[in-house]
Amino acid sequence: MDRFLVKGAVGSLKRRMEQEQTGGGPAGLAEEEGNSKKNPRRAAPGNGVDSAGLTWGRIRAEGLNCDYTILFGKAEADEIFQELEKEVEYFTGALARVQVFGKWHSVPRKQATYGDTGLTYTFSGLTLSPKPWIPVLERVRDRVSLVTGQTFNFVLINRYKDGQDHIGEHRDDERELALGSPIASVSFGACRDFVFRHKDSRGKHPSRRLEVVRLQLAHGSLLMMNHPTNTHWYHSLPVRKKVLAPRVNLTFRKILPTTKRTTLLTASASVGSFALHS
């Protein structure tokens with residue numbers, strides 16, 4: 001049986017925020033959130049309120065360590081969403097395609113990267129140089145840093161035009177990531193299901209059967225994926241044909257500059273312990 005953890009763990013905070021705001025959200029958002037037919041089977045354990053007044057849902061399982069909150073009130077989230085739609089420049093051409101088993105396919109979503117000058121990052125076999133930060137991304141990044149105490153120098157942006165766009169099971173375990181650093185996932189637009197599956201529970205004949213953990217990532221929400229989550233758990237955003245509205249997701253990361261990465265690779269290779277991931 002799947003373990004269904006929805007945003008209800010911080011629902012009371014979200015409702016208070018929305019009562020203070022006026023106006024509607026992105027087209028289709030309220031309908032998608034309000035008319036969901038899925039009921040929570042278990043609330044997120046260990047919830048608490050931090051010094052900034054944010055209510056956090058603590059999501060824990062074997063090797064799974066995540067924290068979830070509503071970071072932006074509705075009006076501010078709407079404003080940021082509209083700015084992202086206007087300002088972000090997404091990949092085109094070859095960068096919008098991916099090679100799988102020798103065949104090239106269009107990526108089922110739009111992608112972009114922004115970050116500090118001089119960084120490179122490998123994603124799905126592509127080595128990317130991020131675009132310079134723009135104000136709307138700095139605004140979100142700085143808010144995340146303020147409430148978490150973490151710093152980030154890179155962001156990967158995924159835009160899902162509707163529920164047909166998706167991303168398959170994967171782990172964010174690229175060698176460029178600073179060892180043990182968290183990934184901050186901020187969502188704007190349509191509420192979408194987000195699924196965690198343990199590495200030992202994948203495939204037709206898994207070695208173990210651990211519960212799948214399902215979340216619903218709301219407009220303006222922050223999901224902190226802390227170490228060692230990406231070591232043990234794959235995550236995905238599955239197809240949801242009934243979702244008609246777009247979603248934009250920002251995943252803030254801390255990646256190593258090329259010089260430090262080369263030093264780490266050389267040192268690790270000398271003891272035969274470095275494994276490459278793409």
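The count begins at 1 with the first shown residue.
Positions of Cβ are set from backbone N, Cα and C atoms, glycine also.
Per Swiss-Prot, these features apply:
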- 1-49: region 'Disordered' (REGION)
- 3-7: motif 'PCNA-binding' (MOTIF)
- F101, G102, K103, Y121, T122, F123, D173: substrate binding site (BINDING)
- 151-256: domain 'Fe2OG dioxygenase' (DOMAIN)
- N158, Y160, H170, H235, R247, T251, R253: 2-oxoglutarate binding site (BINDING)
- H170, D172, H235: Fe cation binding site (BINDING)
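Features recorded in Swiss-Prot, as mapped to the structure shown.
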residue	record	Cβ neighbours (10 Å)
F101	substrate binding site	5
G102	substrate binding site	5
K103	substrate binding site	7
Y121	substrate binding site	19
T122	substrate binding site	15
H170	2-oxoglutarate binding site	12
D172	Fe cation binding site	17
D173	substrate binding site	12
H235	2-oxoglutarate binding site	24
R253	2-oxoglutarate binding site	22
May I ask which residues of the same chain, at least 6 positions away in sequence, place their Cβ under 8 angstroms from the Cβ of Y160 (2-oxoglutarate binding site)?
R109, H166, G189, A190, R192, L237, P246, R247, V248, N249
Could you tell me which three-state DSSP class T251 (2-oxoglutarate binding site) falls into?
strand
Taking every protein chain in this structure into account, which of the binding-site residues N158, T251 has the most other Cβ atoms within 10 Å of its Cβ?
N158
Give me the Cα-Cα distance between D172 (Fe cation binding site) and H235 (2-oxoglutarate binding site), rounded to a whole Å.
9
Taking only the residues the record lists as binding 2-oxoglutarate, namely N158, Y160, H170, H235, R247, T251, R253, what is the largest Cα to Cα distance between any two of them, in Å to the nearest whole number?
20
When you average the Cβ positions of H170, D172, H235 for the Fe cation site, which other residues in that chain have a Cβ within 8 Å of that mean position?
I167, E169, R171, D173, N230, Y234, S236
For R247 (2-oxoglutarate binding site), list the number of other Cβ atoms lying within 10 Å of its Cβ atom.
26
Nearest-integer angstrom distance between the alpha carbons (Cα) of T122 (substrate binding site) and R253 (2-oxoglutarate binding site):
13
